[in-house]
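J.: Per Swiss-Prot, the feature ATP binding site maps to Gly156, Gly158, Lys159, Thr160; the stated evidence is sequence analysis. The region 'Domain I, interacts with DnaA modulators' feature in Swiss-Prot is assigned to 1-84. Taken from Swiss-Prot, the feature region 'Domain II' applies to 84-111, supported by sequence analysis. Among the features that Swiss-Prot reports, region 'Disordered' is placed at 89-108. Marked as region 'Domain III, AAA+ region' by Swiss-Prot: 112-328. According to Swiss-Prot, the feature region 'Domain IV, binds dsDNA' maps to 329-450.
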Amino acid sequence: MENIHDLWDRVLAEIEQKISKPSFETWLKSTKAHSLRGDTLVIVAPNEFARDWLDSRYSHLIAETIYTITGEELAVKFIIPPNQDDEELEFQSSKKKQRKPYEETNDFPQSMLNPKYTFDTFVIGSGNRFAHAASLAVAEAPAKAYNPLFIYGGVGLGKTHLMHAIGHYVIEHNPSAKVVYLSSEKFTNEFINAIRDNRPDDFRNKYRNVDVLLIDDIQFLAGKEQTQEEFFHTFNTLHEESKQIVISSDRPPKEIPTLEDRLRSRFEWGLITDITPPDLETRIAILRKKAKAEGFDIPNEVMLYIANQIDSNIRELEGALIRVVAYSSLINKEITADLAAEALKDIIPSAKPKVITIQDIQRVVGQHFNIKMEDFKAKKRTKSVAFPRQIAMYLSRELTDCSLPKIGDEFGGRDHTTVIHAHEKISKLLQTDTQLQRHIQEIQEKLKQL
């Protein structure tokens, strides 16, 4: 195994991409690798509160990340800077299992599901209502509703939560079902290990003999030709045998670069649904549910303050709440809006930049090309209107967090494929068309001045 300090740096780098910035900076950033004692990696936490929090809430994620990187299952033991012999401290641990990562095990399917991610703990809002309904339909009737189900959206919006919820629901209603959840990165690593050890059949048997396959972050297969080939055949085998496949990504299939067309087309066989950032009401509901689940007593004014300040994603939102609670505990002061502002000052910019809307883009593009606002929604196809409309669609995709269907709606109810076509066309022209480059630059400068 590599040097434990290098290993811990890699683990932290992986986890930083998976959890919110507030959570990472509060709990993990200041941790350090201490030693490797047999099957246990010992990590130093900055204080007793952080040690207990890490042990109860991050052990599973850390162990899973270590396994993804090394192919070995290590227990994780948290200690504090020793004023006493840390050998005397008691921590939760589990024994390392000596097995190949692709080897068949009885506990494999359920072990990778997070017990906190269920339909009961999922907060439904306008940005995720359709994705939630589709996920529930799939869980209630695997391979009969939508197969595959493809969920896409930004980081921390609930895609992984829904995938785990599907897995839990299926197992609860059919305990004998084989449900497998994994990331595409783990699929890739296990495939590489299987080829290296000349045991590809074990790998194939593991993933082609399941009832429900939940694979996260499929965009990471982009550019990995051999892994795409393997997943293509795995997909076909499962689909032909009426087994459910659920896939998540940070973008729709058509926008995943260097993804083979045959895989792209299969992802489009079933239902594609997106998740968008939560609105204010949903953010407050998320904070209330999180506070209740963790046993936090948070005043309404504090939850409103956090919800107004953090509007990017659920992971950042919950991380901010945890940071406020931790800060209150560490300085032994009551949680108030002022304390929340103090706790979050490092992660909330002093002046939030203006959010550009599709209407802003349409107005500025219309002024630039001397066309009316209503022309963007009209059926006109003359070049004097169609080309500025495509530029506005391109900028809407680049400068807003709106989904493809939402952008299409704002342009007269056009189909999302029209938005994709406009984005691809303008992107291609920008590589060689200097006049278009100037137009885009001037429009963006005007948008900055709004």
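Using N, Cα and C of the backbone, Cβ positions are placed for all residues, glycine too.
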J.: What three-state secondary structure does DSSP assign to Gly156 (ATP binding site)?
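T.: In the DSSP reduction, Gly156 (ATP binding site) maps to coil.
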J.: By Cβ count within 10 Å, point out the most packed of the binding-site residues listed: Gly156, Gly158.
T.: Gly158
J.: I need the neighbours of the ATP site defined by Gly156, Gly158, Lys159, Thr160. Which other residues of that chain put their C-beta within 8 angstroms of the C-beta centroid, in sequence order?
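T.: Once Gly156, Gly158, Lys159, Thr160 are set aside, the remaining close residues are Gly153, Val155, Leu157, His161, Leu162, Ser248, Ile275, Asn313, Ile314, Arg315.
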J.: Tally the residues of the region 'Domain IV, binds dsDNA' (329-450) by DSSP class, grouping H, G and I as helix, E and B as strand, and everything else as coil.
T.: 80 helix, 0 strand, 42 coil
J.: Within 10 Å of the Cβ of Lys159 (ATP binding site), how many other Cβ atoms can be counted across all chains shown?
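T.: Around Lys159 (ATP binding site), other Cβ atoms within 10 Å: 25.
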J.: Restricting attention to the region 'Domain III, AAA+ region' (112-328), give the mean pLDDT.
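T.: Summarising the region 'Domain III, AAA+ region' (112-328) by its mean pLDDT gives 91.
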J.: Quick one: give me the count of other CB atoms within 10 A of the CB of Thr160 (ATP binding site).
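T.: A 10 Å sphere around the Cβ of Thr160 (ATP binding site) contains 21 other Cβ atoms.
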J.: Looking only at the region 'Domain I, interacts with DnaA modulators' (1-84), how are its residues distributed among DSSP helix, strand and coil?
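T.: Each residue of the region 'Domain I, interacts with DnaA modulators' (1-84) counted once, the result is 43 helix, 16 strand, 25 coil.
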